[in-house]
Amino acid sequence: MPGMVLFGRRWSLASDDLVFPGSFELFLRVLWWIASLTLYLMHRRKLDCPGGVLLSTYLIVLLVLLAVIIGIVLAIVCVSMRGTICNPGPRKSMSKLLYIRLALFLPEMVWASLGAAWVAKGIQCDRTVVIGIIATVIVSWIVIAATMVTIVFVFDPLGGKMAPYPPCIPEHLDSNSSNHLLTGLRTAAKSVWETRVQCCCCCIGQDDNTRVAFSSTADLFSTYFSDTDLVPSDIAAGFTLLHQQQDKISHSREPSEVVTHTPGQPQETELDAEVENCHHYMPFSPVCSPWPVCVLNSSRVELCRTGNNFCRGRDIEYDAVEGDEHHCHFASILKTTGLQYRDFIHVSFHDKVYELPFIVVLDHRKESVVVAVRGTMSLQDVLTDLSAESENLELDIELQDCVAHKGIAQAARYIYRRLVNDGILSQAFSVAPEYRLVVVGHSLGAGAAALLAIMLRGAYPQVRAYAFSPPRGLLSKSLFEYSKDFVVSLILGMDVIPRLSVANMEDLKRRILRVIANCNKPKYKILLHGCWYSVFGGSPDNFPTELDEGNQGALTQPLLGEQTLLTRCSPGYCSGDSPLDSPKYPTLYPPGRIIHLEEEGGSGRFGCCSAAQYRARWAHETEFSKILIGPKMLIDHMPDVMIRALDRVVADRTACVSCPGQGGSNVP
């Protein structure tokens, strides 16, 4: 629901968000009241000492004050449980209760201060009583400090400008005035988001690229949230409902409704070859990671010992290692890949915004020069990811609409300049002129690898790219079709990154609004049931995802409840409009042909990948046009999880080579 309006400004807190914090405070206050009452009843006869009257008065007033606070907090919790997310009517008294509760902090602070002052006088009373009162004073200040921290977290810097959110532009304003007002609001929102991003990334250097990335990221966030009035708990409830709704639809689907496709023998043979290639090249993708990550991903304990030996004493004879002063990262690469010094042409750990680490190595087994690009491992990489505007690419190919993700395109362009202008590829092919060029990467590195292959194809027509878990919002339609000839993308399970794009995020926002508007359960029940369902499973029919009268089709229609969660920013606003529907954020696609590793059966809610069974199949990009919500949406993106899944798929397919019937079922 819309954020509450208190003291004339909007806060990032809804009136139904106080069930859990209120219950926790209620539990704490009741225990505190019981302990204080017990202390007073058991030791009141010992309060006839000098200063004991002050302590007795302190305890009596504290008990009365706690009783009043307990009553108010209980009322807040009960009122917060009423209604639904889109029906705040039963909670209209919440603001008055909060004003009373906040007013009670004043006598509580005064009494805690007096208690501290009286105890500090060195009153000569029973030691147990004094310690008990000191404890109550400490608890009082802890509760007050926690409340102040909570207020800071729920404070909305834009609340004074945008509270309450207007349902529409005031009618007395002409178009120029309304445009001026909206421009001011957007500028303020972007400024707030830019400050937030800078605070989160305060430890990285400030150069021109970083400042541009800050601006792009702030523009994306401010634009995305500009037409909604949701608080964080609403989004969490929406995720919970979408997860259960997905499972409910999946469970209710008849077997005949599941579309399967059995490819012809040439396609299946090609799939086997490409899966084997992915299995071979995937370990190259994360090798540019910092050495602690490689140690964590390695099952060999000696890697730590070997890495430390390299860090302490060995001088690397190569001058091709860049940005690794103590050679720890390079030592981990040697152990994880099993390659020799002579196989490395160039290793760069240089990491800045729009500038990614990469390696160039000779792969003698596949007779290829491998360029591996690192994925997201730093705040600089996150800023590169979030620079989601599109920009035109200047390519020597006859294609129209050559547009790509701005941040990833600039990162690919940086690596291209290093490879070509610095002669790194020329050096590699002077050593092995008969080898072919292969570009690989994972996550952010996958997107950069695909774009790098597109840029290099004019000079290296035989280039191949393997993009592991690439972001969806990468290429325009024409570049997507063009890349199918030489780029293969591998996606595991419910991985969220290959489904992540500006368009998909906008679709996710609309789905959240609709499922919230359709749900007739209070938010606290949604969150409780959702946590239980995510951890322990169960039937989604038992949870609050059902629509009134079971009408699933209603989710496609705008609802009154949905409209209450939208901020209409112009007189011409309608529910289908979006501030992200602009040339700055066109629809973008993933790179190349897609191999999807699907989990067969289940391995538990958070099951280990080694216990799961997977099948590989060719997939269409439209299958990844919607973000799926589930426990594995992040786990399936991890490189080590993908490597183990590939190990299992390759082992199963190899074992079934002599079993055509079983092998065919592995490729729907």
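Placed from the backbone N, Cα and C atoms, the Cβ positions cover glycine too.
Taken from Swiss-Prot as is:
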type	residues	note
TOPO_DOM	1-17	topological domain 'Cytoplasmic'
TRANSMEM	18-38	transmembrane segment
TOPO_DOM	39-58	topological domain 'Extracellular'
TRANSMEM	59-79	transmembrane segment
TOPO_DOM	80-102	topological domain 'Cytoplasmic'
TRANSMEM	103-123	transmembrane segment
TOPO_DOM	124-128	topological domain 'Extracellular'
TRANSMEM	129-149	transmembrane segment
TOPO_DOM	150-668	topological domain 'Cytoplasmic'
ACT_SITE	SER443	active site, charge relay system
ACT_SITE	ASP495	active site, charge relay system
MOD_RES	SER570	phosphoserine
MOD_RES	SER578	phosphoserine
MOD_RES	SER582	phosphoserine
Residue distribution over DSSP helix, strand and coil in the topological domain 'Cytoplasmic' (80-102): 13 helix, 2 strand, 8 coil
Sequence-remote partners of the topological domain 'Extracellular' (39-58) [C-beta within less than 8 Å, at least six residues beyond its ends]: 111, 114-115, 118, 121, 123-126, 128-130, 132-133
Packing count at SER443 (active site, charge relay system) (other Cβ atoms within 10 Å of its Cβ): 27
C-alpha spacing of ASP495 (active site, charge relay system) relative to SER443 (active site, charge relay system), in angstrom: 10
Cβ neighbour count (within 10 Å, all chains shown) around ASP495 (active site, charge relay system): 27
Arithmetic mean of per-residue pLDDT over the topological domain 'Cytoplasmic' (150-668): 76
